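Student: Got a structure here, written out as structure tokens. Questions coming.
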Amino acid sequence: MRGTRKYQHVIETPDPGKWELAGYEESLPISEKSNPMTRELDKADPSQLVQLLRDCDAEIFQEEDENLIHYHRLYSESVLKTMGDVAKRVQEVLKNPDDSLVVLSGCGTSGRLALLLANSFNGLLKGLHKTPCYCYIMSGGDRSIVTSQESSEDNPQLGAQELEKVCEGKKNVLFIGISCGLSAPFIAGQLDFCMRHLDVYLPVLVGFNPVSMARNERIEGWHSSFRQVAERLQTLHDSQKGFILNPAVGPEGVSGSSRMKGGSATKILLETLLLVAHKAESNVPVTEKCLLEILRTYERAHKVTYSQSKKIAALMKQTATSLQKKGHLYILGWGTLGLVGIMDAVECVPTYQADWRDVRGFITGGYHSIENKEGDLSSLGPQFSISHEDFVKNVLPSVSETDTVLLIFTLDDDLNQIEKLVALVKEKTSNIQVICHATAGQYLPNSLKKTIPSIIGLTWPILFLEYEGAFIQKFQRELSTKWILDTVTSGAYTLRGKIFRNFMVDFKINNSKLFHRATSVLQRLTGQSHQRCTEVLLQSIYGEQTLSEQIRNTTIAGHVEAAASQDKVLPVAIVSLLRSCTIQDSRSRINSSLSIRSAIESSMNVPGRKRGAEDSESR
């Protein structure tokens, strides 16, 4: 551990990583780099997987090291100052809620977090008999809560239209656009719209790359790149007409999987500054001390969560076993913990090309508990059925011993209802697991303890704080649950062979960001040129060895549309490049392999194969 830290911390953070050194994967933004800590993630057992992902999460709280590249971190003075400046502007909205609005917007995980945060802070205001003034926007609309709608994030015009619609009639709008990699066109369109109407809008960008690493390709069908938009926003900082909050939190444990660390850092950063704004509205000044106090509660959440590492590893192993046997993981949560479970389940589909039935989330009260704008969506089909009643009626009858059922609740929830549900599930499977949140002095009844073989018990200290402060414990429990689920599902799919080293190698290519990521992974694993990797990726998408001029001249949006209906696009391209074989031969090899990882591993070891960039680095 380095001994030059400015602030007192609750947890031990890792030493500075190789990723901070000049020249490390320098062509890639931090959010897309591979984390040196998890380089052999695919060879780890469940206990090691938990430890590695725990250490990656701890990087969120690292302070900057003056001896390395000067990345601003969460605890950097400049970041804390900007958080305070934004909190003061939130205060202005809170004082005039009738004419004002705080809008949180994002795509995918970021959009789901926007919903969670908007509802949390509206709930805080309602509890104080004040007017709610938070609103969320998700690319793809409310369908994106429970299904992956990633292609909609490529439309900047739609982003601007959605923003204009929700802000109609408002005179003062604080807009917070979340894009972990500083790349989402949907958010770029909204920021651009704000900067063209600065008399009403104050734009704030949240992400985890320096502006110099923002996506620089011009957005198809639009006038700018994301970087150009971010650079314009940067020029507004000194006049406080716009802000960028972009601390570096390090590469993801699973390369590029921003649902993990990026999502957690988003939650920590925004809840901290918004809570400080609410405290300050009660005549407490916005100070660095206030920000640091709240940030430390999230460090404490990390410590409490990973004190249960052994049990988290057991849950991961059980989940991997269920998935390996073509079973399922069903996550049943109470309150906002149910929404956190739904979020994790939905994100497995694009990240690991999972079937939507593999991991499913359910929430007590269904859409009524989620409080989404469009109301009950269950009529859209079984994928949209998310209440506990839906689970009992439509899913439980087919549950078997190969399935795992995970219940997530607090000891303030209806324990009689929970006990009845446990009894129903036990008739179908013995694989019942529980994540139970308690406050110090609360204990799980013996009747429940006896019926549940495996319990991850998390006990939180009593907080003697004012009303706003009581929300800290709710936020801690949500983050803790998120960390556990991220670790369990990412680890389970790693054990299933969906990860090679620490790279996602079987994700759905359903937007421009993922198309670029696929070509980047191909380059890093094979050492081939960008042009050659793009060519083979297109061969895999279209299933044609010889590409027509029409295909070559198609836009990235066209390629993404074609890729959406295909499976194993990236692994087929990887094996084809490594073996110099046809797309058809590559697909056949993958289909006959034990796992995608094993197909790539054996292709890496083909005699006479030219070593790629990642091979030489790993020696």
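Note that Cβ sites are derived from N, Cα and C of the backbone, with glycine treated the same way.
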Student: Suppose a student reads Swiss-Prot and sees T109, S110, E153, S179, C180, G181, E347 listed for beta-D-fructose 1-phosphate. Which of K513, K568 should they find annotated at that same site?
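Tutor: So, going by the record in Swiss-Prot, that would be K513.
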Student: Note down the number of other Cβ atoms within 10 Å of the Cβ of G181 (beta-D-fructose 1-phosphate binding site), including every protein chain shown.
Tutor: 21
Student: To the nearest whole angstrom, what is the C-alpha distance linking G181 (beta-D-fructose 1-phosphate binding site) and T109 (keto-D-fructose 6-phosphate binding site)?
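Tutor: Cα-Cα, rounded: 12 Å.
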Student: With a 10 Å radius around each C-beta, find which of these binding-site residues (E153, E347) has the fewest other C-beta atoms nearby.
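Tutor: With the binding-site residues E153, E347, fewest surrounding Cβ atoms within 10 Å: E347.
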Student: Can you check which residues sit near S110 (beta-D-fructose 1-phosphate binding site), meaning Cβ under 8 Å from its Cβ, same chain, 6 or more apart in sequence, and list them in order?
Tutor: I178, S179, C180, A184, G262, G263, T266
Student: Given the binding-site residues T109, S179, and counting only Cβ atoms in the protein chains shown, which has the most within 10 Å of its Cβ?
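Tutor: Ranked by Cβ atoms within 10 Å, first place goes to S179.
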Student: Measuring Cα to Cα, how far is K513 (beta-D-fructose 1-phosphate binding site) from E347 (keto-D-fructose 6-phosphate binding site) in Å?
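Tutor: So the Cα of E347 (keto-D-fructose 6-phosphate binding site) lies 16 Å away from that of K513 (beta-D-fructose 1-phosphate binding site).
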Student: Spatially speaking, which of the binding-site residues C107, T109, L182, E347 is closest to E153 (beta-D-fructose 1-phosphate binding site)? Use C-alpha to C-alpha, please.
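Tutor: It is C107, whose Cα lies nearest.
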Student: What same-chain residues, at least 6 away in sequence, bring their CB to under 8 Å of the CB of L182 (keto-D-fructose 6-phosphate binding site)?
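Tutor: Listed in sequence order, they are P29, S31, L205, G207, F208, N209, V211, M213, A214, R215, F226, R227, A230, N246.
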